[in-house]
Amino acid sequence: MPFSSYIGNSRRSSTGGGTGGWGQSLLPTALSKSKLAINRKPRKRTLVVNFIFANFFVIALTVSLLFFLLTLFHFGVPGPISSRFLTSRSNRIVKPRKNINRRPLNDSNSGAVVDITTKDLYDRIEFLDTDGGPWKQGWRVTYKDDEWEKEKLKIFVVPHSHNDPGWKLTVEEYYQRQSRHILDTIVETLSKDSRRKFIWEEMSYLERWWRDASPNKQEALTKLVKDGQLEIVGGGWVMNDEANSHYFAIIEQIAEGNMWLNDTIGVIPKNSWAIDPFGYSSTMAYLLRRMGFENMLIQRTHYELKKDLAQHKNLEYIWRQSWDAMETTDIFVHMMPFYSYDIPHTCGPEPAICCQFDFARMRGFKYELCPWGKHPVETTLENVQERALKLLDQYRKKSTLYRTNTLLIPLGDDFRYISIDEAEAQFRNYQMLFDHINSNPSLNAEAKFGTLEDYFRTVREEADRVNYSRPGEVGSGQVVGFPSLSGDFFTYADRQQDYWSGYYVSRPFFKAVDRVLEHTLRGAEIMMSFLLGYCHRIQCEKFPTSFTYKLTAARRNLALFQHHDGVTGTAKDYVVQDYGTRMHTSLQDLQIFMSKAIEVLLGIRHEKEKSDQSPSFFEAEQMRSKYDARPVHKPIAAREGNSHTVILFNPSEQTREEVVTVVVNRAEISVLDSNWTCVPSQISPEVQHDDTKLFTGRHRLYWKASIPALGLRTYFIANGNVECEKATPSKLKYASEFDPFPCPPPYSCSKLDNDVTEIRNEHQTLVFDVKNGSLRKIVHRNGSETVVGEEIGMYSSPESGAYLFKPDGEAQPIVQPDGHVVTSEGLLVQEVFSYPKTKWEKSPLSQKTRLYTGGNTLQDQVVEIEYHVELLGNDFDDRELIVRYKTDVDNKKVFYSDLNGFQMSRRETYDKIPLQGNYYPMPSLAFIQGSNGQRFSVHSRQSLGVASLKEGWLEIMLDRRLVRDDGRGLGQGVMDNRAMTVVFHLLAESNISQADPASNTNPRNPSLLSHLIGAHLNYPINTFIAKKPQDISVRVPQYGSFAPLAKPLPCDLHIVNFKVPRPSKYSQQLEEDKPRFALILNRRAWDSAYCHKGRQVNCTSMANEPVNFSDMFKDLAASKVKPTSLNLLQEDMEILGYDDQELPRDSSQPREGRVSISPMEIRAYKLELRPHK
C-alpha cells in the first residue's frame, strides 16, 4: 500500500563509513555462479589464527597424509563417493559446522546467545521522536570524501513492483487492470537489454498471468528467470501478514506458491522480499530457513528501532530464534532504513532528492508529482553529470548506514511498471546515470541494475574477504561480519505515536473464518491421504479425482487470505466480501468432500459409480448460510421411533476423550455408541443473544465421546424404544427482571438469591458476581484461589482506523448491575449465561462460561468462555470492545503472547511508549506469570490483540468499529461489523518452582497441558450427521469406527499436516516411483515446571525416542521416507540448517523410517503409503 511522503526538518547527527580492502569491480554478471557460505565457520582466537596461517602448508600436508593413511588402513582403497543429497543448487559450497554444546531440551532457561535482542533495543531507546532534518526520523548523514578510495561502492538498483492481491480492488480486478499489464511490460522491456533486471514476489498473479499468456510469452519469461534477469523472490502465493497468520497457513501459502513455481518454471526461491507486512515475526524467519531460504529483506519496523540499528551499522544482521542455543536457525537479514519502500524513501536519506529520480513522476505519467516541489526530469548529456553526482551523494549517504560497501537500492512502488513507456523511462534514465558513474573512476563507484540474488551474493563475498566483525561480537558462523539478533518486530510504528496495533483485531469475524478454513482444510487433507493410502487404485481412485481441483482451490483461497491486507482486515468492504466468499465456497466444498470421505473410510459406500458425483449420506452439523453468517447448528429432529447417526472425526494425534454437543428439537432422547451401548447424556436449553427471548426452544445435547487419533467414531441419537435412560435435563437458576421467568420445559427453575453463584467440577470452582454476571475468581481443588476479576470495557477512539489503534484514554467499564444471569447445572456441563445490562438498549455482548465434568478429559481443566459480540449500529461508532482479566498475578507488567501459534514472545509494558504501542498480536495464546510461579493463560481460536497495562491485568480486544480512515491509504473506516462468537479457554496453573518474570528475559514455553488445550481449541472435532433418520428397530448399518494409527502419537508431537501435495498428479507420481505423501511434524517445547498436570490427561508417551514411520499406521506400510524442506522442495538437510544429530540415517541402514525431532522443530517428510499385503 502506498504512503504519502513524510516530510520534515530536523537536527543533525552523523556516523562514519567503513572502507574495504580491494578496488576492482566484483559486480557479478547474470552468468556469475553463486558462492554460498551456508554453514558455520569456526571462530578462532587471533593467536591460533596467526599460528595456523604461518604454518598452513605444513599442517595441511601432515593432516592430509594422516587422513590418507587412516582411510587406507580402515577401508582399503576407497571407491567413488556418491551423495544422497541431490539438489538443484549444485554450485553451493557447504562448509563444516562448528561444534556447539547442547543445552537441556526442555529447560525453560536455555536460549540463544546473541549480540542484540529487540528487548534490549526497547530498554535502551528513549522513543523521543527527535526531528532529524531531511531524514526526519534519523539525522543529517555525512561522509568523508576518501571513504571509497580503497574499495569502490558497489550499487545494485533493484526494480520491483508491489502487487497487492486485493486491497482497494479485488485480486481479479487488480489483475485485469494492472498486474497482467505489468508482467507483460516486464517480459518485453527486460528482453530488450540483458543489463536490465527485475524481481517479482506474488505467485497468485504470476499463475493467473501464466494461464492467459501465450507460449511465446511463457517461454520468454522462463528464459529471463533462467538467465538471472528476472528473479522470483519469496515466491509465496502472497506476501503474507506476520502478526495474525497461523504458521500452518504461512507454510501452506509459501509451499503453494513455491511448488507451482518449481513445477512450472523449474526454480526454487532462496531470497525473501517482505516490504509491506506491518511488523515482522521471528517465526517467519524460522520457516523460511527451514524452506531453504538464505536471505531476507524487511521494511516496516519501528522507526526508532531503525534509527538505533542504523547508528550502530546493525541494519544487516543474522536473525536467530530466541530458543536456538545451537545456532541452527540463522538467516541473513537486510532491513531497509527509511520510512517507506517507495522511490523517494529508498535511494538515500533525503526524500526530496530521491523523488527527483522517480522518472515515472515526470509530467505525462499518471503518478503524482513530487510533493517537495522539485520533480524528475529527463536525463541528457547536458545534465547527466550534475544528476549523477546528486544521486551518487544519496547512495553514499545511505551506504554509511551499513557495514559493507555493497549497497541495495530498491526501485519501485505499488503496481509500478504498468506500461512500456513507464518502464523505459526508468530503465533508460538510470542506465544513462549508471554509465556516467561507471565511466568515471574518480567516483570510486559502480552502479547497475540487479536482483536480490546479485546483491546478497556480493555482500556475502565481500564479508568473506573483509572482516567487518567487531570485538566481542557473537555473530554467526553462517555469514561472518554481522551481529546476531533475536526477537520480533512488533508493534510497528511508522511515525510519531502511530502504532499499527489496530489491525490485530480489525474484521475479527473473518479472522475467525480463516481459522475454521485452516482446520477444515487440514482435516480434508488428512482424509484425502488416508483415502489414497488405503484404497486400491481400481476401487476408489475415481472418488477423489474430480475433487482435487477444489482441494487446490481451497489451499489457494486460504493462501490468498494470508495476504497482508486480507487476514489483517485492512481492505475495502467489497474486497473483504470477495475474500469471505472465496473462503465460504471452499469451506462448503471441503465439508462436502469430508462427508463423502467418511463413507468410504467407514466402508459405507463402495458402489462402482463415480461416488463423488452422488449425494452424500451425511452433512456437516454446523453450516453457514452465506459468507458473513455465523455457523448454525443443524438441529436433529429426533422423532418417536427414529434414530439419527452422528459421525465424529478427530483431527488430533491422540485419542480424544471429550464432551461433545449437538442441537436437538426434542428433549426425550438417548445416546448410543456404535455397538448400541447406552451413553450417559445431558440436555440443556439453548440460549441466545436476545434479552426479550433468552431461550430458542431447542436443546443442547451433551455426551462424552471417545474418538481414536485421526479417526472416526459413530454414535446414534435415538427417540423411542431403547433400553437407555433419557438425557438428563440440567437444573436452571436465574437472576432476571423477567416476571415470571420463562422457564423452558422440561427444566426446573429456581431463583438465585445470593450476590454470588458458583459452578464446579472436581478440579475447580468458579465464583460469579450475580449482579453483572462476571467471573470473580477460580477456587482450585487444593483450596488456593486465582482472582480473575473479569471486566468488559470500551475504548473511545475517534482517531483509530483499520491499521492504527489510537485510543482517547483508557477503556471504561460498560456493564451495569441487574442484567440477566442464568446458571445451568448438569451431569456433564455446568454453565453460566450472562446478558449484561449496559447503557445501550441492546447489549453489544453476552457470554457463556462453562465447566465440563467429563472425567479425565482436557476439558475438565479449562474454563471455557464464549463471548457473543454484536458491535452493530451507530451507537458503537469509534468504539473498541475489550475484555479485561484483573488477576492477582504479580506479573510486573510482563506477559507472553504467541507468534503465529508457533512460539511465545516475552512482552513488557513500557511507560515511555503510549498505550497503543503496548498492544501486541495474539494469534492463539497469551499468559501472565507471577514470581511464585502462578500462571494465568488465555487460549483463543482466532487472532486478536492483547496487552497487560497494569499489574496482574491481561486485556484482549474483541472487536472495533471505526468511522474514519487513519491516513494509511485505505480511504475508509471499519464499519462492516458482523455478529460473531469469540471463544477463550482460560487456564490457571501453579508452578512447582518460582520464577520472577521481570528478571528472567528468556523465552517461556506453555506447559504440556496448555499445548494440548490450545490444540483442541484450534482443531475441534468435526461432527457430521445423517441427512435422513433411520428406524430405531433396524440396527444397521453398524458403521463402527476408523482408527488409522497403530497407537496415538507422543503428546509433544503434533501433525502440522498430512497431505498429498500434488493430488492431480497422484497417479503420475506412482508411475515415476516418487513418494506421493507428505507428513509435517512439530515437536512441542514445553515448560517442564508444569509437566505434572499434562501427564495426567491421556498422555502416555513423549517423543524422546525417534519416531518410527514404519509402525505409525495400523494397516498401511510406509516406505521411501525422505526428509524434505517445509515447502516440500529441498532434500538437502544441510541447506535447511538442521542440527547434525537430527539428520536421518541413510536409507540403506536398517533404521530407515526412524527420525528424531528436537523440541520446537518442524520437520517435513515425503513418504509412500500402501496397504499391508
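Backbone N, Cα and C define each Cβ position, glycine as well.
Marked as active site, nucleophile by Swiss-Prot: Asp276.
Taken from Swiss-Prot, the feature Zn(2+) binding site applies to His162, Asp164, Asp276, His564, supported by similarity to another entry. In the three-state DSSP assignment, the secondary structure recorded for His162 (Zn(2+) binding site) is strand.
Annotated N-linked glycosylation site per Swiss-Prot: Asn106 (among others), in sequence order, evidence recorded as sequence analysis.
Listed in sequence order, Ile268, Leu1129 are the same-chain residues at least 6 apart in sequence whose CB falls under 8 Å from the CB of Asn262 (N-linked glycosylation site). According to Swiss-Prot, the N-linked glycosylation site annotation covers Asn262 (among others), on the basis of sequence analysis.
Annotation comment: Swiss-Prot describes Asn467 (among others) as N-linked glycosylation site, evidence class sequence analysis. According to its DSSP assignment, Asn467 (N-linked glycosylation site) is coil.
According to its DSSP assignment, Asn675 (N-linked glycosylation site) is coil. As annotated by Swiss-Prot, N-linked glycosylation site applies to Asn675 (among others).
Sequence-distant neighbours of Asn772 (N-linked glycosylation site): residues of the same chain at least 6 apart with a C-beta under 8 Å from its C-beta are Val815, Gln816, Pro817, Gly819, Ser834, Pro836, Lys837. Per Swiss-Prot, the feature N-linked glycosylation site maps to Asn772 (among others).
In the three-state DSSP assignment, the secondary structure recorded for Asn782 (N-linked glycosylation site) is coil. Long-range Cβ contacts of Asn782 (N-linked glycosylation site) within its own chain (separation 6+, distance under 8 Å) are none. Summarising the annotation, Swiss-Prot assigns N-linked glycosylation site to Asn782 (among others).
All protein chains shown were included, and the count of other CB atoms within 10 Å of the CB of Asn991 (N-linked glycosylation site) stands at 17. The N-linked glycosylation site feature in Swiss-Prot is assigned to Asn991 (among others); the stated evidence is sequence analysis.
Feature annotation from Swiss-Prot assigns N-linked glycosylation site to Asn1098 (among others); the stated evidence is sequence analysis.
Under the three-state DSSP scheme, Asn1108 (N-linked glycosylation site) falls in the strand class. According to Swiss-Prot, the feature N-linked glycosylation site maps to Asn1108 (among others).
Under the heading region 'Disordered', Swiss-Prot lists 1-21.
Sequence annotations record features per position, and here Swiss-Prot assigns topological domain 'Cytoplasmic' to 1-50.
Averaged across the topological domain 'Lumenal' (72-1173), the predicted model reaches a pLDDT of 92. The annotation topological domain 'Lumenal' is assigned in Swiss-Prot to 72-1173 on the grounds of a curator's inference.
The feature transmembrane segment is assigned by Swiss-Prot to 51-71, with sequence analysis given as support.
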Taking only same-chain residues 6+ apart in sequence, whose CB is under 8 Å from that of Asn1108 (N-linked glycosylation site), what do you get?
Gly1153, Arg1154
Among the recorded positions Asp164, Asn675, Asn991, which ones place their C-alpha within 10 angstroms of the C-alpha of Asn467 (N-linked glycosylation site)?
none
Checking the contact step here: among the recorded positions Asp276, Asn675, Asn991, which have a Cα within 10 Å of the Cα of His564 (Zn(2+) binding site)?
Asp276
What whole-number Å value do you get for the CA-CA distance of Asn991 (N-linked glycosylation site) and His162 (Zn(2+) binding site)?
49
Using the alpha carbons only, what distance in Å do you get between Asp164 (Zn(2+) binding site) and Asp276 (active site, nucleophile) once rounded?
9
For His162, His564, listed as binding-site residues, tell me which one has the smallest number of other Cβ atoms within 10 Å.
His162
DSSP on Asn262 (N-linked glycosylation site), three-state: which is it?
helix
Three states by DSSP: which one describes Asp276 (active site, nucleophile)?
coil
Pairwise Cα distance for His162 (Zn(2+) binding site)/Asn675 (N-linked glycosylation site) [Å, integer]:
59
Integer Cα-Cα distance in angstrom, Asp276 (active site, nucleophile) to Asn675 (N-linked glycosylation site):
56
